[in-house]
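S.K.: Take this structure, written in structure tokens, and hold onto it; I'll ask about it next.
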Amino acid sequence: MGSPLVSPAGAVVAAVVLFAAVSPATAFPSGLPPGAPPFPNPWAAFQNLSGCHMGEERPGLAGLKDYLSHFGYLPPPPSSSPFTDAFDHDLEAAIATYQRNFGLNATGTLDAPTVSQMVSPRCGVADVVNGTSTMAKGSHGNGRHLYAYFPGSPTWPPFRRDLKYAITATSATAIDRSTLSDVFARAFSRWAAATNLRFSETASESDADITIGFYAGSHGDGEPFDGPLGTLAHAFSPTDGRFHLDAAEAWVAGGDVSSASSPGAVDLESVAVHEIGHLLGLGHSSVPEAIMYPTIRTGTRKVELESDDVQGIQSLYGSNPNFRGVTPTSPATSSREMDSAAGEGRRPDGVFVFFVGAVAAVGLLLAP
Ligand SMILES: [Zn+2]
Ligand SMILES: [Zn+2]
């Protein structure tokens, strides 16, 4: 998004287009070409653009421009003249910036690794704000600043260190209430362990600092969910406190997500840990192992804070003297995700990002 997306309440929206799920019946359609995603996703049509370069005109490029605009790489088009299918200089520059941000060769063409990265699930928070990349170019010195904040670094103020959360909207999900309580309690405990923040569930929405709910489609904040695939969840920066999950996803709330029957299964706790990071004021990190990395793989559990997450949150809230540090990261491996480029494109030095301007966005802008 080229401009900050402001909620009716005036809060900056963080958001997540993480992932998506699909019903088992449609999960693995036969006849897919090699290299095609193992299941449909809203961006799958970008695969058809592989190899496209400057000067070409290809059906679907307008949709890709919408995608890049959504994440801040192109300014939104004037309503009077929507994006066209022409591969122009602006698109080439946008792709090159994207490639640099994701550690890919900055060719400015839609090579296969780039397309593979683009179709992979990701968060809706923009990478480029007000025309300034917040990712690779924003790193300082030796790239030591890896985590990111929201513009203005909003946090919960010092007199609010005991935060209450309420699970307020569950009618749209089949997950039972006690399971949800357990999942979210574990997710919050990850952040509490590293800081002096404390979290407790309250049954009273009016008492709550943070509200958590499952919603389908439009749900009143201008950031409609998109059904299976695409947007998984979004959360608002401090001190808004809203955390919304797409009820249409194949959430796994207990047991081993890697053995879930749906190939689009998404681990609820993993997404919750990520979204809580936004609720507390963290933006995205380019460290692939970090909780605040924008994407999450289906069939994968990722709930442990990585050192980058810990440094980020402790810079905002101080450390917990009892914190025992992070456990060494074990790369997530059990994935059925089609995306493999995220790993390939990664820089060994973990160069990264700082959100310096405005933020962010949510919601899938692309038509299926
Ligand atoms: Zn996110
Ligand atoms: Zn929402």
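Numbering starts at 1 and runs along the chain as it is shown here.
Using the three backbone atoms N, Cα and C, a Cβ is placed for every residue, glycine included.
Bear in mind that TrEMBL entries carry predicted annotations, made automatically and left uncurated.
Keep in mind that this is a model prediction, so the values were computed, not measured.
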S.K.: Can you identify, from 121-128, 225-232, 241-248, 249-256, the stretch that TrEMBL calls motif 'Cysteine switch'?
M.R.: 121-128
S.K.: So which binding-site residues out of GLY227, HIS234, HIS244, ASP246, GLU249 end up within 10 angstroms of CYS123 (Zn(2+) 2 binding site), measuring C-alpha to C-alpha?
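M.R.: Final answer, ordered: HIS234.
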S.K.: When you put HIS278 (Zn(2+) 2 binding site) at the centre and draw a 10 Å sphere around its Cα, which of the binding-site residues HIS219, ASP226, HIS234 have their Cα inside it?
M.R.: HIS234
S.K.: List those of the binding-site residues ASP221, HIS244, HIS284 whose Cβ lies under 6 Å from any atom of ligand 2, in sequence order, or write none if there are none.
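M.R.: ASP221, HIS244, in sequence order.
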S.K.: What Cα-Cα separation, expressed in whole Å, is found between HIS284 (Zn(2+) 2 binding site) and HIS234 (Zn(2+) 1 binding site)?
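M.R.: HIS284 (Zn(2+) 2 binding site) to HIS234 (Zn(2+) 1 binding site), Cα-Cα distance: 13 Å.
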